[in-house]
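Trainee: The following block contains the structure, expressed as structure tokens.
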Amino acid sequence: MTPVISRSLIPSCSSTLASSSRLFTRSLVSHAYMPPSPSSSSSPASSLPIEATTTTPTDLTDEQRQLIDSIIRVDQAGELGANWIYRGQKWAMDVKGDKETGKQVEEMWENERHHLTILSHLQTQHRARPTMLYPLWQAMAFGLGASTGLLSKEAAMACTEAVETVIGEHYDDQLKALQPLLNPTDPSSPAPHPSLPLMADILKEFRDDELEHLDFAVEEGAQKAPGHSLLSAIIGVGCKVAIKVCEKV
């Protein structure tokens, strides 16, 4: 897999994940799918043709169509899982009365809710088949979040670190797979459908968000969790298996 890009190369939030509202006030290309706001006229999304968010390419080969379908299905399933992991962690922090960590989890969870909203738009626009295993991922993700959260704050952060490491690598792999569609080698090929560069930009945006969560988790003690190496390895393998399954199912 492509190595994860360090968040040190990307502007990050403060060590307290200062405010999740920052994720929605900075200029985000994913806002092309959100209702217009007074400030949206100056965003990158404001210059996109309407076809970028309302239509899907009609000239793709079966293999290319399967690639788009797989990318959206896997990423939507991943964001569903992330939402339930954070839901489980938030529940655990509420049970333990850890309001500070609960607030941190809630802020990362808000970011994942935005990701899920956008991917649901993409799934509808491109008519991608969603995963058939949602109930399974829901139960497993909530259990993972709740169990690590009950163990300790450090274990919860180690869970976030492990998951986001795999997801950051996976987004990089998807961006690499999209390159032939975005930059065809045949000079006579038509320009890519406007939805495809938009999708690639959204994948980059979401990758950077996930890597921000990774760095934050490390700052908050992820690597101090008991059995950190074993815990990270188990969670990482589980994430990779889930990705492979969702590519097909």
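Cβ atoms are placed via backbone N, Cα and C, with glycine included.
The annotation region 'Disordered' is assigned in TrEMBL to 34-57. Look at TrEMBL and you will find 39-57 tagged as compositional bias 'Low complexity'. For Glu79, Glu112, His115, Glu210, the entry in TrEMBL reads Fe cation 1 binding site. Taken from TrEMBL, the feature Fe cation 2 binding site applies to Glu112, Glu164, Glu210, His213.
Could you place the listed features in the three-dimensional structure?
Mentor: A simple way to gauge crowding: the CB of Glu210 (Fe cation 1 binding site) has 28 other CB atoms within 10 angstroms, across all the protein chains here.
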Trainee: Show, in sequence order, which residues other than Glu112, Glu164, Glu210, His213 on the same chain lie with their Cβ within 8 Å of the centre of the Cβ atoms of the Fe cation 2 site.
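Mentor: Near the Fe cation 2 site, the remaining chain residues are Ala82, Met108, Asn111, Thr160, Val163, Ile167, Asp209, Leu211, Glu212, Leu214.
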Trainee: Write out, in the order they occur in the sequence, the residues of the chain not among Glu79, Glu112, His115, Glu210 that have a C-beta within 8 Å of the mean position of the C-beta atoms of the recorded Fe cation 1 site.
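Mentor: Nearby residues not in the site list: Gly78, Ala82, Asn83, Asn111, His114, Leu116, Ile167, Phe206, Asp209.
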Trainee: Drop a 10 Å sphere on every Cβ of the binding-site residues His115, His213 and tell me which sphere holds the fewest other Cβ atoms.
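Mentor: So among His115, His213, the binding-site residues given, the one with the fewest Cβ atoms within 10 Å is His115.
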Trainee: Listing them in sequence order, which of the binding-site residues Glu79, Glu112, His115, Glu210 have their Cα within 10 Å of that of Glu164 (Fe cation 2 binding site)?
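Mentor: Hits: Glu210.
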